[in-house]
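Under the heading region 'Disordered', Swiss-Prot lists 1-34. Feature annotation from Swiss-Prot assigns compositional bias 'Low complexity' to 20-34. Annotation comment: Swiss-Prot describes 85-105, 111-131, 158-178, 202-222, 226-246, 273-293 as transmembrane segment.
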Amino acid sequence: MEMAAPNGGGAAGMSSPVNGASAPATPGTPAPLFAGPRVDSLSYERKSMPRCKCLPAAVAEAWAPSAHGCVVEIPAPDVSLTRKLGAEFVGTFILIFFATAAPIVNQKYGGAISPFGNAACAGLAVTTIILSTGHISGAHLNPSLTIAFAALRHFPWLQVPAYVAVQVLGSICAGFALKGVFHPFLSGGVTVPDPTISTAQAFFTEFIITFNLLFVVTAVATDTRAVGELAGIAVGAAVTLNILIAGPTTGGSMNPVRTLGPAVAAGNYRQLWIYLIAPTLGAVAGAGVYTAVKLRDENGETPRPQRSFRR
């Protein structure tokens, strides 16, 4: 058995068929989600030697001209639940603080931030948190996302209560932090339906924008053919787009804790049920629709809990 050089070096090793790039993963192997480098981005600078698996000739020939080859497997790091919950708490706190601060600043300073600025602030916060904490907790930041992924077997149900609990706690802490910084202008950050729309319109607006968000998240987070390295940018762009459209009417929540934390701090619970139920239903629908329409793996692989954000 000979191990292929990572960048196609060595005549006897397995080399990539295109431009000397490192070999792809075994067919059907789930791509890392918001959790670090892919298996084909291996370098000599890694601190530990990855595991090497020999393939029979019939399989190896599909990947390399040699009769036998080795495929590098990098196992997902073992992160304790405590660390995951800590990262999820911090990520949710940061998201709620900055996504809510933008409309509060707008209220306090008479439109200092444009509607696009409000949307971009939330989108950039999401991108930043995914890139900084995704490799630890998966950067769910949203109970609707956690529940939807669990329903589709991309995340273990046993961890759902703990994730939702720290998301709620992070949201409430962010709400009171905002109250301390911006009092008495906190009402500008609470998402409530605009008086010009009906309850049904508000409900379906939140349903649709959350559907769109989870359709994108499920694509970049569970499909092996998606460009996982761009997950943070894609999800942040989806959040920005949704808030640009729904911000003037419902606030563009897409997230029960985006509404809950500021509502608790401000004591404003008007139509709160819309922001708890509509995003959750929209999330399950969006994730489910992408799962139904995506291309299937050739080996017919079924979803596994490890596919959800590699946690």
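One is the number of the first residue shown, and numbering goes on along the chain from there.
Cβ atoms here come from the backbone N, Cα and C positions, even for glycine.
The transmembrane segment (273-293) is not in contact with the transmembrane segment (85-105), judged by fewer than 3 CB-CB distances under 8 Å for residue pairs 6 or more apart in sequence.
Spatially, the transmembrane segment (226-246) is adjacent to the transmembrane segment (111-131); three or more Cβ-Cβ distances between them are under 8 Å for residues at least 6 apart in sequence.
Residues 30, 33-34, 144-145, 148-149, 152, 154, 193-194, 228, 230-231, 234-235, 238-239, 241-242, 245-246, 249-250, 252-255, 271, 274-275, 277-287, 289-291, 294, 303, 307-309 of the same chain, all 6+ positions outside the transmembrane segment (202-222), place their C-beta atoms under 8 angstroms from a C-beta of that stretch. Here the transmembrane segment (158-178) has long-range neighbours at 81, 84-85, 88-97, 100-101, 104, 140-143, 146-147, 150, 186, 189, 257-258, 260-266, 311, meaning same-chain residues at least 6 beyond its ends whose C-beta is under 8 angstroms from one of its own.
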